[in-house]
Amino acid sequence: MQTIIHSVLLIVVIGLVGGVILVIGSRLFSVEVDSRLWHVIDMLPGLNCGSCGNPGCAGYASAILAGAPCDLCGPGGEATANAIALYLGRDPGHTTVRKAVVTCNGAADRLRSVEAYEGDPSCRVFDLMGYMTESCTYGCLGLGDCVASCPFDAIRINGNHVAAIDVGRCTACGICVDVCPRHVIAIHERSQTDSSSVVLCRNTMMGKRAQEACANACIGCGRCVGACPEGCITVMDHVARINDACCTGCGSCIEVCPAKAIRPIDLSRREKGALV
């Protein structure tokens with residue numbers, strides 16, 4: 001009987017000593033957490049897409065409390081930025097929209113066919129092996145690697161066999177940008193109220209050769225450079241480049257482009273199914 005009592009007492013003492021050690025350890029090695037953190041996390045969409053540049057919503061919430069802007073959450077948009085700013089007593093800042101854009105204006109009836117391709121329907125394999133079914137070696141391959149990789153079902157292959165972005169679903173997480181072997185997809189950033197002009201071509205061949213490959217190709221003629229009142233356009237490697245930071249979306253470049261390689265893009269559209 002005494003053995004049982006001693007055993008029980010020993011277990012109780014060990015438990016008490018262990019508890020005291022844990023309490024002391026928790027006090028000595030504790031890390032203070034801002035009580036506002038969980039409120040800010042709850043205000044974010046919880047998609048953990050990483051479009052804000054942080055490792056998930058919790059990471060972005062911590063960054064906000066450390067001084068990061070409130071308007072970096074693409075899926076949450078202006079409403080989320082305003083709610084967080086109001087809670088923290090801060091200025092919401094100039095809310096921007098970040099979306100992926102497919103910079104290819106190719107079309108099945110505008111490309112010169114070269115050879116038939118039979119094999120693994122993968123852009124990565126196709127590009128790695130150097131296969132070519134169309135004459136343009138810079139454009140979208142249309143085999144859907146980006147479609148399969150998108151966690152938000154925000155990409156479709158349109159009737160022209162070119163990827164198109166559903167701006168209502170896109171969170172600008174950048175996964176499709178990394179997956180595309182030809183780097184046709186890029187992240188563009190604009191304000192909620194502004195549209196922008198985008199050059200939908202990456203063909204760096206000179207004018208005549210570019211148009212022989214695709215009738216929609218930018219020929220680097222430079223007319224858009226002269227037409228832009230803001231001086232936002234340059235021609236590099238025979239392709240026009242537009243600076244998103246100063247583009248006002250006036251459309252002057254679109255009007256003078258002989259190849260119709262420049263298109264207006266409204267990234268602020270919220271409805272799902274709106275493809276660009």
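Cβ coordinates come from backbone N, Cα and C, glycine included.
Owing to the predicted nature of the structure, the values given are computational and were not obtained by experimental measurement.
Feature annotations, courtesy of TrEMBL:
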- 1-26: region 'Hydrophobic' (REGION)
- 7-29: transmembrane segment (TRANSMEM)
- 32-90: domain '4Fe-4S' (DOMAIN)
- C49, C52, C57, C73: [4Fe-4S] cluster 1 binding site (BINDING)
- 127-160: domain '4Fe-4S ferredoxin-type' (DOMAIN)
- C136, C140, C146, C180: [4Fe-4S] cluster 2 binding site (BINDING)
- C150, C170, C173, C176: [4Fe-4S] cluster 3 binding site (BINDING)
- 161-190: domain '4Fe-4S ferredoxin-type' (DOMAIN)
- 208-237: domain '4Fe-4S ferredoxin-type' (DOMAIN)
- 238-267: domain '4Fe-4S ferredoxin-type' (DOMAIN)
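Each residue contributes its Cα atom, and for C173 ([4Fe-4S] cluster 3 binding site) and C57 ([4Fe-4S] cluster 1 binding site) these two points are 12 Å apart.
Listed in sequence order, the binding-site residues from C49, C52, C57, C73, C170, C176 having a Cα within 10 Å of the Cα of C146 ([4Fe-4S] cluster 2 binding site) are C176. Its Cβ placed at the centre, C52 ([4Fe-4S] cluster 1 binding site) has 26 other Cβ atoms within 10 Å. When Cα-Cα distances from C176 ([4Fe-4S] cluster 3 binding site) are compared across the binding-site residues C52, C73, C140, the shortest belongs to C140. Counting Cβ pairs closer than 8 Å to the domain '4Fe-4S' (32-90), the top stretch among 127-160, 161-190, 208-237, 238-267 is 161-190. If you compare Cα positions, C140 ([4Fe-4S] cluster 2 binding site) sits closest to C150 out of the binding-site residues C49, C73, C150, C170. Of all the binding-site residues given, namely C49, C150, the one with the smallest number of surrounding CB atoms inside 10 A is C49.
Comparing CA positions across the binding-site residues C136, C170, C180, the one lying closest to C73 ([4Fe-4S] cluster 1 binding site) turns out to be C170.
Excluding C49, C52, C57, C73 themselves, the residues of that chain whose CB lies within 8 A of the CB mean position for the [4Fe-4S] cluster 1 site are, in sequence, L44, P45, L47, N48, G50, S51, N54, G56, Y60, L72, G74, P75, G76, T171.
Across the domain '4Fe-4S ferredoxin-type' (238-267), mean pLDDT in this model comes to 88. Mapped onto DSSP helix, strand and coil, the domain '4Fe-4S ferredoxin-type' (238-267) counts 5 helix, 8 strand, 17 coil. Taking the centroid of the Cβ atoms of C150, C170, C173, C176 as the [4Fe-4S] cluster 3 site, the other same-chain residues with Cβ within 8 Å of it are A100, C146, S149, P151, F152, A154, I155, I165, T171, A172, G174, I175.
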